[in-house]
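J.: Sharing the feature lines straight out of TrEMBL:
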type	residues	note
TRANSMEM	170-192	transmembrane segment
TRANSMEM	199-218	transmembrane segment
TRANSMEM	230-250	transmembrane segment
TRANSMEM	262-282	transmembrane segment
TRANSMEM	288-307	transmembrane segment
TRANSMEM	314-333	transmembrane segment
TRANSMEM	339-358	transmembrane segment
DOMAIN	396-515	domain 'GGDEF'
Amino acid sequence: MKWLGSNFMRFLLGLAAFFLLIILLEVLSNPNGIELSGEWKLVHPDGEVELVETPFYKIVNTLGTYRAVKTFSYCEGDAIMLLGVYNRGMRIYLNGILLKEIGDFESGTANIWNLSHLIRFDKKLLKDTNTLTLDMKIVYDVGIQRAPLIVKYTAVSWRNSILNFFISDIYLLAMGGGIILGVVLLVFGFSVPGDHVHFVYIATASLLSSIFLLEFVYRETTGSIDSLLLFEKATLATGLVAIAFLVLGVSKFVGTKKKFSSLIFTSNLSGVIFIFSIPNLITFKKMQIVYDLLFVISAITLAIMVFKYRKKYLIFSTTFFAATILYSVIAELTGIQGIYISGYGVLIASLGFGIALIENYRDIYKKVEIIHKKSLIDPLTGAFNRGILQEIPDFNDGVVVMIDLDNFKEINDKYGHEAGDEALVTFVKKARENLREKDIIVRYGGDEFLLILKNCDESKALDIVNRITSALENISRLKYSYGIAKIENDIYDAISLADGRMYEMKKKSQSSSLK
């Protein structure tokens, strides 16, 4: 196996693409600016004051408004860049002046964490000593995973837009890709003959994954706390069911034992039941390790199946997908990294399975094409049979020649069927040697053959027939009758006319050789 085309290389390329993505996002998320790192003051809803070092992340026991305060000296800049700040609604103050409210602060159920926020302010607000205050609505976790930056707006605004495309807008593309792939696979699975249940499974996974990715899309509000809890449960549940269906589909696709995929499916469904039994958001978040473990096991199982059964068109996308799942789970558990990339995994997986679909369909098409071609070929002589006439497009610039082997029955009776078969094969072989590439020879009946000669008149057709008979003169005992007719409107009319002329010739001389 050539190393460039090996499955191991596809695996390495999947990992390389993953790490290149991480590097790109790190570069985009670290523009030049003054980091407001170090010690922050975190004020709890009950007034408790806690000193924290950025980056920090914690699951809370009390819902409400938390205030993060940072004092810093004068520096050049006219904007604050916030990335990886965990909350459900935020108000940003500089020296007591409200700069911006992000999300619906009153409801406290916004989805704003997976976005880079660039807040511009008047440089005159800066003093020798300054205070940045973040009032944050918290429902289960609070954190500042990346130290806020004081930056120059004009220098980083374009970069921030690109970063938000890669960390937020990409999820909309992934959702669209998942929906399109799901619809295509469903149509394919239900419309193409054969057992394509694996495509129905993968289609279901693709459609459900689009719902799961709603969790990563910016929202001003999700309504009440109860509706947020329901939304969180629903999106997480669809994610677990989606990857379970994906494992089922790939298992069916590669032909592995059903018990492993069934075990994953049962485990994930049990996880879904467990999710909907959770009473509140804080408990929901504390049980994150359970959901993450199910995602990781499913992703690893998926990767093992693809690698074990060497499905080359899935190795790159599965490697990338599994890497993004593992990375996102690690980020979720540690709370250190503020950029989540599972949307890329879904997008690449969609492309991978789309390619697999095309390849699978192409294989099926090739098999059908081979079967169809075999159905048009006479197995003894290799000439076409009469079925080819339905495949030939209409044309009126040509002729047909009907040829009958007059003494074929005599050869069969005298020398045996093997000699008769040999005579038929020899005739077709010599006929082909004297026909043009675009001409067609058809075994029309037992000892009748039809020549279809495009861009040819009756005179040239007669020359071709004479060349064939001359080639057979010294190696065959066959005698021939033939009829030639020009194709005027319908090929079947021409065949009927040529057949009549052949029988007229046959009547005139039963024993004459074709000349």
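Keep in mind that glycine also has a Cβ here, set from the backbone N, Cα and C atoms.
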J.: Is it the case that the transmembrane segment (230-250) and the transmembrane segment (288-307) have 3 or more CB pairs under 8 Å, with pairs at least 6 apart in sequence?
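T.: Result for the transmembrane segment (230-250) with the transmembrane segment (288-307) is yes.
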J.: What are the helix, strand and coil residue counts for the domain 'GGDEF' (396-515) according to DSSP?
T.: 58 helix, 26 strand, 36 coil
J.: Would you kindly check 199-218, 262-282, 288-307, 339-358 and say which stretch has the most C-beta pairs under 8 angstroms to the transmembrane segment (170-192)?
T.: 199-218
J.: Which listed stretch (262-282, 288-307, 339-358) has the most C-beta pairs under 8 A with the transmembrane segment (199-218)?
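T.: Looking only at 262-282, 288-307, 339-358, the most contacts with the transmembrane segment (199-218) come from 339-358.
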J.: Give residue numbers and ranges for long-range contacts of the transmembrane segment (262-282): same chain, 6 or more residues beyond its ends, CB-CB under 8 A.
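T.: For the transmembrane segment (262-282), the nonlocal Cβ contacts are 59-61, 63, 139-140, 225, 228-229, 232-233, 236-237, 240-241, 243-245, 247-248, 290-291, 294, 297-298, 301.
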J.: Report, as numbers and ranges, every residue of the chain located at least six residues beyond the transmembrane segment (288-307) whose Cβ falls under 8 Å of a Cβ in that stretch; write 'none' if there are none.
T.: 7, 11, 236, 239-240, 243-244, 246-247, 250-251, 254, 256, 260-261, 264, 267-268, 271, 274-275, 314-315, 318-319, 321-322, 325-326, 329, 332-333
J.: If you average per-residue pLDDT over the domain 'GGDEF' (396-515), what number do you get?
T.: 82
